[in-house]
Amino acid sequence: MAATSTAAAASSIMGTRVVSDISSNSSRFTARFGFGTKKASPKKAKTVISDRPLWFPGAKSPEYLDGSLVGDYGFDPFGLGKPAEYLQFDLDSLDQNLAKNLYGEVIGTRTEAVDPKSTPFQPYSEVFGLQRFRECELIHGRWAMLATLGAITVEWLTGVTWQDAGKVELVDGSSYLGQPLPFSISTLIWIEVLVIGYIEFQRNAELDSEKRLYPGGKFFDPLGLASDPVKKAQLQLAEIKHARLAMVGFLGFAVQAAATGKGPLNNWATHLSDPLHTTIIDTFSSS
């Protein structure tokens, strides 16, 4: 009994010890340890939007797509943005008088709401979490908007389709809008790699996820269009909508180029010349 009392009064530097099932005729007791227990830091409250428009009428949005992200319409059919779910186990049996201690049983599940941390090194689940997918979506969408505009503009001004632009540069030499450039193709490639690489390194050096996507300032918002929070939210929504449309549109450009070998303007003119007989169905059925 004295040993039991001494154990119960032991220092709690290494953890918290809970003593139970102590009887006067036995020195057996069950101990639970909580090593390094810390108070959980308060989490940011999420803005939950109810009755918001969804990607499909009558669709049910997943719990993790609560509308807090701009342009969130509850679309994630493959569950790619679903946060990791962890099993909670009870503590293993710690009775030294037993021949075999039993493992702790599963007592529940726990899902962590991952908040982006200001660190260049993040766990796998955070790097490929919902916030990371949004960053990739927006960056790819911006590139797609530039590519879509570039493909249409170049074909309109020069008649060269976007898929043949590289061939023309290799044969006729590097040029811009018909004007020759004093650089070879290999030199231009190195310039592009170095410039874009430097820009991407600088962007990823920003640890604040909001500033990494929307840097603002005199270089990226010289007119101060995002100074008003309400207008900023509207512009962010318009941008993500146009970005998604541009990604789908350029995918259509690629499919058209593979099927017909023509550019988007040429395909559009061909379709307008005979709308009833020049469609995507006719194109793939005749190929």
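Every residue, even glycine, has its Cβ placed from backbone N, Cα and C.
When Phe56, Phe75 are compared with the chlorophyll a 1 site residues Glu137, Arg244 in Swiss-Prot, the one appearing in that site is Phe75. What Swiss-Prot records as phosphothreonine, among Thr37, Thr47, Thr283, is residue Thr37. Per Swiss-Prot, the N2-acetylarginine annotation among the candidates Arg28, Arg32, Arg212 falls on Arg32. Per Swiss-Prot, the residue from the list Thr30, Thr111, Thr279 bearing the note phosphothreonine is Thr111. Note on Thr109, Thr278: Swiss-Prot annotates phosphothreonine at Thr109; no matching annotation appears for the rest, which is not proof of its absence.
Phe75 (chlorophyll a 1 binding site) sits 18 Å from His140 (chlorophyll a 2 binding site), taking the CA atoms of both as reference points. Gln256 (chlorophyll a 5 binding site): 20 other CB atoms within 10 A of its CB, across all protein chains. Of the recorded residues, Glu239 (chlorophyll a 3 binding site) and Trp55 (chlorophyll b 1 binding site) place their C-alpha atoms 17 Å from one another.
For the chlorophyll a 1 site, the Cβ centre of Phe75, Glu137, Arg244 serves as reference, and the other residues of the chain with Cβ at most 8 Å from it are Gly71, Tyr73, Gly141, Ile240, Ala243. Within the set of binding-site residues Glu137, His140, Glu200, His242, Arg244, the entry lying nearest in space to Trp55 (chlorophyll b 1 binding site) is Arg244 (CA atoms). The full span of the recorded chlorophyll a 1 binding residues, Phe75, Glu137, Arg244, taken as their largest Cα to Cα distance, is 13 Å.
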